[in-house]
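Everything below concerns the one structure shown next.
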Amino acid sequence: MTRIAIFASGSGSNAEEITRYFSDQATVQIVLILTNNPQAGVIDRSRRGFGCGQHVPVVVFDRAAFRDTDRIIQLLTSLEVDLIVLAGFMWLVPAPLVQAFPGRIINIHPALLPKFGGKGMFGHHVHEAVVAARETESGITIHFVNEHYDEGQIIFQASCPVAPTDTPDDVAAKVHQLEYTHYPRVVGEVLATLPAR
Ligand code: GAR
């Protein structure tokens with residue numbers, strides 16, 4: 001059995017897509033959702049079983065608890081988590097947590113890194129910046145997580161066109177579609193390459 005923990009800060013639509021994707025795979029289990037946001041939509045989605053009968057436990061933490069990485073590492077280790085998936089998680093992952101799971105934390109960023117990445121570049125801000133810069137394309141980047149925002153080794157990218165008339169909401173919709181199409185599959189591919197714990 002391969003075990004995944006998902007970190008999410010917001011709506012949780014990617015967490016839902018990933019959970020649904022693996023719901024009929026007996027060898028993969030989403031064991032925990034972790035969020036820094038008590039209002040996060042992902043909590044409600046989990047309560048509703050992500051639309052596929054998967055009621056994954058949710059842990060909510062504040063900044064102090066997140067910085068107390070020993071406790072988080074202990075929790076993830078006790079659940080025998082193989083892979084940590086960031087799905088719309090907006091905080092920097094502390095170095096001890098990165099080091100406790102080398103090559104086992106991945107993130108999705110809603111743009112074509114290295115463009116439009118770094119501190120403050122998350123969620124809708126990214127799409128606003130893409131439109132303001134009059135980019136003709138945007139996309140997604142799936143990458144391993146290191147101690148810096150959006151700088152880990154890139155695993156996969158996919159792009160979509162941005163029309164001159166597109167609003168940030170239009171770009172967000174296109175990018176979300178790319179995320180749903182690719183993130184669950186790429187998570188599966190990363191799982192397949194992980195060495196045994
Ligand atoms: C997604 O577009 C994801 O790429 C982005 O937040 C959104 C979360 O949507 N992540 C980041 O910006 C991370 N820096 P969701 O909560 O509906 O999955």
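Note that Cβ sites are derived from N, Cα and C of the backbone, with glycine treated the same way.
TrEMBL does not curate its annotations; it predicts them automatically.
Database features (TrEMBL):
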- HIS109: active site, proton donor (ACT_SITE)
- ARG63, ASN107: (6R)-10-formyltetrahydrofolate binding site (BINDING)
- 3-187: domain 'Formyl transferase N-terminal' (DOMAIN)
- ASP150: site 'Raises pKa of active site His' (SITE)
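A map of TrEMBL features onto the structure.
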residue	record	contacts (Cβ under 8 Å, 6+ apart)
ARG63	(6R)-10-formyltetrahydrofolate binding site	ASN36, TRP91
ASN107	(6R)-10-formyltetrahydrofolate binding site	LEU86, PHE89, ILE142, HIS143, PHE144, VAL145, ASP150, GLY152
HIS109	active site, proton donor	GLY117, VAL126, ILE140, THR141, ILE142, HIS143, ASP150
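Each residue in the domain 'Formyl transferase N-terminal' (3-187) has a pLDDT score, and their mean in this model is 97. Look at ASN107 ((6R)-10-formyltetrahydrofolate binding site): DSSP puts it in a strand. The local packing around ASP150 (site 'Raises pKa of active site His'), expressed as other Cβ atoms within 10 Å of its Cβ over all shown chains, amounts to 22.
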